[in-house]
Amino acid sequence: MEQVWREILPLYEMIHAYVRRKLREFYGPDKINKNAPLPDHILGDMYGQSWQNILDIVIPYPGRSFLEVTPEMQKQGYNPLVMFQIAEEFFVSMNMSAMPPDFWASSILTQPPDRPILCQPSSWDFCTGKDYRVKMCTQVTHKDFITVHHELAHIQYFLNYRNNPKVFRDGANPGFHEAIGDAISLSVASPKHLQNLGLVQKSVDDTAHDINFLFSLAMEKVVFLPFALALEAWRYDVFSKRVRKEQYNCHWWLLREEYGGVKPPVLRSELDFDPGAKYHVAANIPYIKW
């Protein structure tokens, strides 16, 4: 992993430097030091793992679309069920399976009105050969539209291995499922596909749109890599007892600065437990597969 990260690091450093310059221009040199790590809280995400929410500040070509189709989805009357039906059509168009009846009968696609649930999107194989479900508190947004396809990619994997013995139904390695889901997500998020769905009304075939689109992907995918690597390095160091419990929080921010060049917005101490805010830490789920 470290070797792969070193190969990607020059690209990340260029993105980091560009974003820091843009934020310095926006907030002023008294707020953003040109030689210091970026304060985590101004990156548009509670964890600093995605920087897409600051695209309006840092986009290379302001005023040109970076393919945020949420307004168009809402204008066209999309709802969570429609989003899943369109995702199903996407897979069927590639000669994959339609969702079985139990999927539509048993999945939770929106927040139930009568009880709270854990809204982390997830896909489930109940090992009956016909019962597959998604649990997701779907909102009509561009981000959730992509996530819907990601979750159905998991279901497609389940459907394709359903005739194998149970021992052979896991992914080829711990990251394989997520790799399939994210590969599908990249295809679905492409300008051409969104245009074919009628969610992009104007032509997107020009350099400015292409650069904005690729930059927005980098702000989601490339900047995520040092976060994921730091999180898994932190988990490994905790489980191997390389760090004592009174060092957990300090070690977290040391890794975040080492890999991602970010720092906490305010002074932190061992009375805080910032990595525990991440669901996967609290739920003890290995994170490197993402």
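Cβ from N, Cα, C; glycine included.
Copied from TrEMBL, the annotated features are:
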- GLU151: active site, proton acceptor 1 (ACT_SITE)
- GLU151: active site, proton acceptor 2 (ACT_SITE)
- HIS280: active site, proton donor 1 (ACT_SITE)
- HIS280: active site, proton donor 2 (ACT_SITE)
- HIS150, HIS154, GLU178: Zn(2+) 2 binding site (BINDING)
- HIS150, HIS154, GLU178: Zn(2+) 1 binding site (BINDING)
Compute the centroid of the Cβ atoms of HIS150, HIS154, GLU178, then list the same-chain residues not in that set whose Cβ lies within 8 Å of it, in sequence order, for the Zn(2+) 1 site.
SER123, GLU151, ALA153, HIS177, ILE180, GLY181, ASP182, ILE184
So if I draw a 10 Å sphere around the Cβ of HIS150 (Zn(2+) 2 binding site), how many other Cβ atoms end up inside it?
20
For the recorded positions listed here (HIS154, HIS280), tell me which residue's CB has the most neighbouring CB atoms inside 10 Å.
HIS154
Using a 10 Å cut-off on Cβ-Cβ distances across all protein chains shown, tell me which of the recorded positions (GLU151, GLU178) has the largest neighbour count.
GLU151
Just to verify a number: CA distance, GLU151 (active site, proton acceptor 1) to GLU178 (Zn(2+) 2 binding site), in angstrom, no decimals.
9
Between HIS280 (active site, proton donor 1) and HIS150 (Zn(2+) 2 binding site), how far is it from one CA atom to the other, in Å?
18
